[in-house]
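Worksheet: the structure to be examined is printed underneath.
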């Protein structure tokens, strides 16, 4: 593509001066909206209203009043702490203190009934222990505050409460300042000096949110576009950082990048361009909103030159504030594949909308998840009391991505698709007094070739997951009698035994159900990083958070159209960008992402995984295949050379056989393997009832009681060497064995 620079544009007969430059490249198009674009934007707003994405003025005013009261409480408390520490009266008079907001509320895209993420900033003489002791007590005595609870040992420590019916998650950070003025700006990197890591993590949410707003050309267009994209992501079941999809901040950064590329476009156009850009994006090239900067504070940042693990991130979206981090470290091969398909589906629908062939509500139609696959794993978490169930479900949900990673590394599985929504247990499953939640994972098996039948054993995949959950529950002293995990393989025609007909028939959910499903339950259990109780974050025992392999070759996808004419680098990234390679649109179209110099992969290491009290090794990161190449410091492996773990060892190969029942499912002439469903298809087949299955009902996974090593007294983060819990608890040993026939 010939390089073009836009120095001015002509609109309405007037010469417009060059606009401010946004992002790491120049804009794709500076075109101003037409009247029809404004009309489509108004229709988009009307299509979103029924989903409750806009709050009424009265509700907005109530939030402001609550935040004002909370700010006054913080200032009063800081004065009290200052007096108790014998500060001079002159210093106490000016000590200050302030509440900052971040997340969806700060971005201006919160929905009705959404919580507020807030940060309490205090001067240097106020300790974190003061926040969790004296301030906690002050909140407890306040009559307007309900449901008060502290999570002090979380990755990002937080106090959660309801203040006049508004849910608030309050973090704490103390700065190296004598006083906190009301006009304090947290964007300056100098505020991070001499802070402990918990304060830096707590500040990060505010700093990232403020930086995103600073880097977009038009805040109102950005907000409306982000509202639409977030609603679309929730409706399509791809809004969950915890489960390996994208969380709120990641979607915000993708929308912000789109706004940078089309700085004058209105929301309707930006939604369409969002799908255009990211359906063509060449992952794992990173999405960056600004040139990464080094503040010489020695904090760890995302840098594939220095950190070998960064080279294996599949879908890097880098936060703009120092220290720069990848917000999508949980994304796996399967979740990236699913999101790519959704980007393409969104592009197709918005094409139809802008051509007048469809209306905006079509974009927000939910997918046919329960018609899409022929095989599902039903994961069930149960506990004997409601309080235990809430804790247990939070932990199990935070580890489901480990199970997805285990399954997708099986050589016979091409896709493991978890539905982010959890469902209550069916009456058939529940025993009296038990509280049950279920998740469904759609499985797509590889096409069987050159073999009459293939035996697939998923026992290892399931057991590695359950061991991880039980181990962490033990290490944080959560594991209690009655807490169980079970897994069952079912076919699509058996789902009616678990779910009501309205769910299986693609019932359109209300916004309240959408929010509950994205949070994993009616009560919010997540903190800043999306993990309440999951304090280990990246230290999942035995399995990395995201799949280390790239299952699909990253190919250069073409973009045609006069609006994709010019993406030029403003600077060169020190470790990511050298040049932005452009293709001539007249012949090849254009590749949107950035391309950099290859970097040699790191030496392969192995991570021990506890299985049946023995150890086996999973390669992480994978071996550098001959057909692979490094792009932007990231391993880019083609589909043929992608490393996948062979299927689970057979029971005979196991060092210690588990004597339990085996579930054998025979699939005769199963078209699922001869003609696998494309991710976008409904997967409905008239001949489904002709499939031969041994047993007419889904077969639950048998359970046994096992004796474990003694429980650790430590509350340190779990690792693969941590013993599994010892007690008479019912520990589920999962055995799922399938036979696939041609």
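Note: Cβ is positioned from N, Cα and C throughout, glycine not excepted.
Database features, via TrEMBL:
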DOMAIN    23-216  domain 'Poly(A) polymerase nucleotidyltransferase'
DOMAIN    221-365  domain 'Poly(A) polymerase central'
DOMAIN    369-433  domain 'Poly(A) polymerase RNA-binding'
DOMAIN    434-509  domain 'Poly(A) polymerase RNA-binding'
REGION    514-549  region 'Disordered'
COMPBIAS  515-529  compositional bias 'Polar residues'
REGION    616-656  region 'Disordered'
COMPBIAS  617-643  compositional bias 'Polar residues'
REGION    671-727  region 'Disordered'
- Please work out the helix, strand and coil residue numbers for the domain 'Poly(A) polymerase RNA-binding' (434-509) from the DSSP assignment. 27 helix, 24 strand, 25 coil
- pLDDT averaged over the residues of the domain 'Poly(A) polymerase RNA-binding' (369-433): 87
- Query: What are the DSSP helix/strand/coil residue counts across the domain 'Poly(A) polymerase RNA-binding' (369-433)?
  - Reply: 27 helix, 18 strand, 20 coil
